[in-house]
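What follows is a set of notes on a single structure, which appears directly below.
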Amino acid sequence: MKCPYCGSLDNKVIDSRLSRDDTETRRRRECLECARRFTTYEHVEKAPLMIVKKDGRREEFLKDKVRSGMMSACQKRRISINIIEDFISELEQDLMEMGEHEIPSSIIGEKVMKKLHALDDVAYVRFASVYREFKDVHDFYSELKSLLKKQ
């Protein structure tokens, strides 16, 4: 690793630690030329996940997009942002573990609906109304009716 101060390639690692989420290694290094210390971070380079939309378009998987949809559905509900953030991290990990570079958007939508269904029925119906493209009040009624049957 090149020293950011003098440009020397001679240095030694004096400390290594994993990040809180175990996705990065933080290394403290000391330059053997100028004796100054610096920090480097090492992480696995991930290939971007591509989402295949209903119309065949492909987009990069964006956690912010999932977060935005869930936050809209959960607005004014008693659902902690931490629960949403944890779910999004789990979702991304699940998608990575599938081993596919292209994933149908339907898989993500169904996983989000399943999670919201477990958390809060109102948030679930809100999300489902957008995801399933409810056209009128009858679509809401059908979804609510099936929810009530399950209770």
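Cβ atoms are placed via backbone N, Cα and C, with glycine included.
Note that this is a predicted model, so its numbers are computed, not measured.
Mean model confidence for the domain 'ATP-cone' (49-139) is a pLDDT of 94. Residues or ranges marked as domain 'ATP-cone' by Swiss-Prot: 49-139.
For the zinc finger (3-34), the DSSP counts in helix, strand and coil order read 0 helix, 16 strand, 16 coil. Look at Swiss-Prot and you will find 3-34 tagged as zinc finger.
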